[in-house]
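S.K.: Have a look at this one.
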């Protein structure tokens, strides 16, 4: 009987010996034993730019050049926002104070491969759960700015919020003049009046929180005032008759001059019809009785206004009625004046004067000269004669 190893000597010789290394093992061993520093590229040891940093006062991302650079592009959160003009800095117009962003520079070399590096700015500080949330602002009633926010879910009991409006271009800041607080005394609302004094630029709407228990992350957003204006729908006036209605309105706004309006008109029982209007008036044929409401741009809709332009109603009918009443009042006034002027003569005819009793002496002596004398003392020698009037002539 043969031994198994002797029965198949060809199969036994084809098996690898336990001490033989696997194929390519020597190459991998050489790679692992090579120092890491020998695998680094030359740019990692001697980069073309160094000291990448943010200068918030000047809103600049800047660095130091160490090699001959062809161009530099700046990215924020992987989006290209500017190409450096002098290869030493990139200007940033809107720089957040509350949200960290990734600022990356990509360098093109004159005689070397491209290079890139990045930093994160700003470094988040404070508890984000205590930050003001749902920050919202609007311009309303032409000249008012109101901002509201909610208290953070992790805000300590002594948290207080402060609102600031900041001009992004000039860095000019305005502290909130009028706060509204919740039942705990925490500011949750701010209002500015007379905002017509603010330039028409982009603004930072910033809420910062303070607490004795620790830092609080700020909240912010950037917007132009005209973009958050809540437009109040204008009031419509109508002049109409049976065949035509002319609707007119005036719009008030600090920032907008040319408006696009939406009109919704319903005549009688017909379905409402919509119209886009670019002026300040609209004409409606055969109006009858109709209801209209208006909206400016994407502002609020007005309350429905009803107009009656039939025979019994309408602005022209009311105007005619008013004019008729005025004319009638004028005629009545003239009539009363005439009556009063003729009143004396009419009364004199209706009630003539009663004749008085005739005085014989006074009536006889009218037209004659009457002389007065003084009576002297009576003497006893003076004869007295009696005169008797016999007949009146």
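Glycine residues also receive a Cβ, built from the backbone N, Cα and C atoms like all the rest.
Note that the structure is a prediction, hence the values are computed from the model and not measured.
Features from TrEMBL:
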- 49-122: domain 'IL-3 receptor alpha chain N-terminal' (DOMAIN)
- 134-220: domain 'Type I cytokine receptor cytokine-binding' (DOMAIN)
- 319-341: transmembrane segment (TRANSMEM)
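For each listed feature, how buried is it and what is near it?
M.R.: Secondary structure of the domain 'Type I cytokine receptor cytokine-binding' (134-220) per DSSP, as helix, strand and coil residue counts: 3 helix, 48 strand, 36 coil.
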S.K.: Quick check on the domain 'IL-3 receptor alpha chain N-terminal' (49-122): DSSP residue counts for helix, strand, coil, in that order please.
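M.R.: Taking the domain 'IL-3 receptor alpha chain N-terminal' (49-122) as a whole: 0 helix, 45 strand, 29 coil.
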S.K.: On the 0 to 100 pLDDT scale, where does the domain 'Type I cytokine receptor cytokine-binding' (134-220) sit on average?
M.R.: 96
